[in-house]
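Presented below is the structure to which this report refers.
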Amino acid sequence: MIKRPKTGQQVCKDCFFFAFEEEIHKTITDAGTFKRGERVAIGASGGKDSTVLAHVMKTLNDRHDYGLNLFLLSIDEGITGYRDDSLETVKRNKEQYQLPLKILSYNELYGWTMDRIVEAVGKKNNCTFCGVFRRQALDRGASSLNISHIVTGHNADDVAETVLMNILRGDVSRLGRCVEITTRGEDTIKRSKPFKYTYEKEIVMYAYFKKLDYFSTECIYSPEAYRGFARTYIKDLEALRPSTIIDIIHSAENIRISDVVQDALPKQQKCKRCGYISSNELCKACVLLQGLEKGTAKMAIGNKAKHISQEVTGDIRTIPMFKMPEQQQKAEQRV
Amino acid sequence: MSCGNPQSDVKDPGAETPERRTKPKNKICLKCKTEAPVIQVRHALYCRNCFIFTTSGKFLKWFLATFKTTDIYPAFYIGVSGGPSSRYLLHVLQTQLTPRKGKGNFIRPGAAEKLVVIYVNHANVVPGAQNLRKDIENMIKGYPNAEIIEVDVDSAWKDSQSSISAQLSGLPGQPPSGTTSSSTADLFDSTLATSSLESHLSLLTHHLILREARKHADGLVGKDKELPLFLATSATRVTIKLLSSMSRGRGWSLGSGEVQPESSQFGMRIYQPLLNTSSKEIAYFNKYVVPDDSKPVVNRTFSTFAPPKSSIDRLTEELVVSLERGFPSTVSTVAKTGNKISFAGEAKEGERLCTLCGWPARAKANDWKNGIAITKLDDKVESTESDQPSLADILCYGCYTNLTDSRARSEVNYALPGWTNEYAESQKLTEESMREEIKDCLLDDDE
């Protein structure tokens, strides 16, 4: 028997598996997440969340006949001793679930690996680079596969943590968006979180009892101290009242940013240099890459980034132009 | 000397916080540039006089921007617990009651004719708490035209006609057993989780202050006119409140005025003028300015001397204090974030009130909670239809979660506050008025 962290109920393994999978199915169907025949990439890191996501997506696609074409999409950040090992797991998952796999590396896209970035900026702010670069890399990887929808393994704990982080940082624009199951701007790839209401503990239980093949080491470049506070707080809250994680998500779904603030937020536009969606003339990835290339990487973080020159000299590397899948397809046909 | 806290040997979790505070380079007061500083507020150093001037100036600036100099109210209401923030607010607010010289020859009249202090006594429900009426009387003794209204938490159950014990087990409500005071004791005794206890107490206190203020205002200006009610929520406290309310699922009420500097509730205009003043500033202001014989008094709460992991509020307080130590702008950032949140519902929906806390409640909020978890494998749906509204229909999501979370015993008898039926009736009227609005579009089935 198992005690479900989400409901406190005592259930047998089979009933747990069924309830776990069907709750995710309900999240997907209630939000109208997929269209029949859609090509969908599963963001796969080899960790427990993405491995369970790949397993459950494959299971539900077969059981409920979603009619989806599923792919595995991995990003190789270039972290020796961590990502190279976890990518081996993803390659095994490819065989286990019979899903096509695409791996795109930071080195290929930006000319930098995370190991080199950490050498340049130190361990303190490297998560900023990794996060910004990964988001673009996933979209570019999906676009190259003619995919316009990515699903990620963000679970309820991650969503609750992000809500708190956005409050603590005063980032109201992200506060409203971070609890949406599917997010999409006009010129971006759709992102969905089928695990939005799924507890991390249940994902671990599912992976453990299903004996799934996943990689369980934390990133060697430790997470930010500030986020660590939010993470510990969420875990302590969960111990006090297990429903807290869901309660935080419910709260965030029921607040609205006042119109005055909404109007003052920067409007979305396209990056002048790489064509990716951005709230400034240059997207964050271009600013960060320029900082790395010019040896002023620390300048590219925070408010100082506003003063970085947008002039591009011939000797620095830039990110290739971003194209949405349909544009990418047309370009390939012309070639 | 021991502070008397049995947990004082517990390791301070904030001690390991990385130090991010910027150390000011010049060791002189930021404002007068001559005196030696005595206090650092975020990144600025102040001497004693400049600190007092700047801190009280924040309130004065807010006050002059909010009230016209010619507006004179029959009364200002203020919720006072006797703690540092309410002591500070009492001090700065009373300065606005007496006429003072404005620009040129203009004499600015007092903004209100009297100050009505509302104190909610927790002594009957919080173990070890004391009745602070005498201390509060001492605080206001020198103020012109100040009066005090004391109300016990028990009084929430006066005229109580409903209980929720049976509703929790799926049956319609039953009348409460026992007397009024035993019903209160039952609610707090039956609640084992400290998080729920402190939430009940905080919500009831807020609501009692509002009701007492409104009752008093009815006698002065009638039922239709709003009068100002001041609450002494500091920036630090509102940060804790915002985070803990999010954790309790109270997002819907957060946008309705819980963390905003101005809002209207229950016929009162609520002002929270200290949302830009941290508890540190308030503590130092009290130390420098408030006379020794009327200093603030700190009463016991459910989590006094408790370790950080004993309740949601206590844990949140620990998080905020730890973060503020390492990242000094956290409190001001979160307090400002609260001001950017607005009510997410439609105006009509907003009229639906939780019968326990009185804040707006989203219809069928609990269905959402049931919808995201599969608890039964068969399709059987138990018939729960009855003439009585279910608990989830009359409470907000946060109160429902609090009450059901605190169901630690098999047999409990939670009497609902006396105003429950009054609110239920007013909500029925709302539905009738909505029907009245759409009556032209309704067709008889026979037609």
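Cβ atoms are placed via backbone N, Cα and C, with glycine included.
The shown structure was predicted, so the numbers you read here are calculated from the model rather than taken from an experiment.
Now, the feature entries from TrEMBL:
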{"type": "DOMAIN", "residues": "A:40-219", "note": "domain 'tRNA(Ile)-lysidine/2-thiocytidine synthase N-terminal'"}
{"type": "BINDING", "residues": "A:G43, A:A44, A:S45, A:D49, A:I75, A:G153, A:D158", "note": "ATP binding site"}
{"type": "DOMAIN", "residues": "A:269-300", "note": "domain 'Cytoplasmic tRNA 2-thiolation protein 1 C-terminal'"}
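Site extent for ATP: among the recorded binding residues A:G43, A:A44, A:S45, A:D49, A:I75, A:G153, A:D158, the largest C-alpha separation is 20 Å. Over the domain 'Cytoplasmic tRNA 2-thiolation protein 1 C-terminal' (A:269-300) the predicted model carries a mean pLDDT of 83. For A:I75 (ATP binding site), the number of other Cβ atoms no farther than 10 Å from its own Cβ, over all displayed protein chains, is 25. Within the same chain, residues at least 6 positions away in sequence whose Cβ sits under 8 Å from that of A:D158 (ATP binding site) are A:E200. Long-range neighbours of A:S45 (ATP binding site) (same chain, six or more residues apart, CB within less than 8 Å of its CB): A:S74, A:I75, A:S86, A:V90, A:G153, A:F215.
Under a cutoff of 8 A between CB atoms, and with a sequence separation of 6+ in the same chain, the neighbours of A:G43 (ATP binding site) are A:S50, A:L53, A:L73, A:S74, A:I75, A:L138, A:I150, A:V151, A:T152, A:G153.
Ranking the binding-site residues A:A44, A:D49, A:G153 by how many Cβ atoms sit within 10 Å of each one's Cβ puts A:A44 at the top. Helix first, then strand, then coil: DSSP counts for the domain 'Cytoplasmic tRNA 2-thiolation protein 1 C-terminal' (A:269-300) stand at 15 helix, 4 strand, 13 coil.
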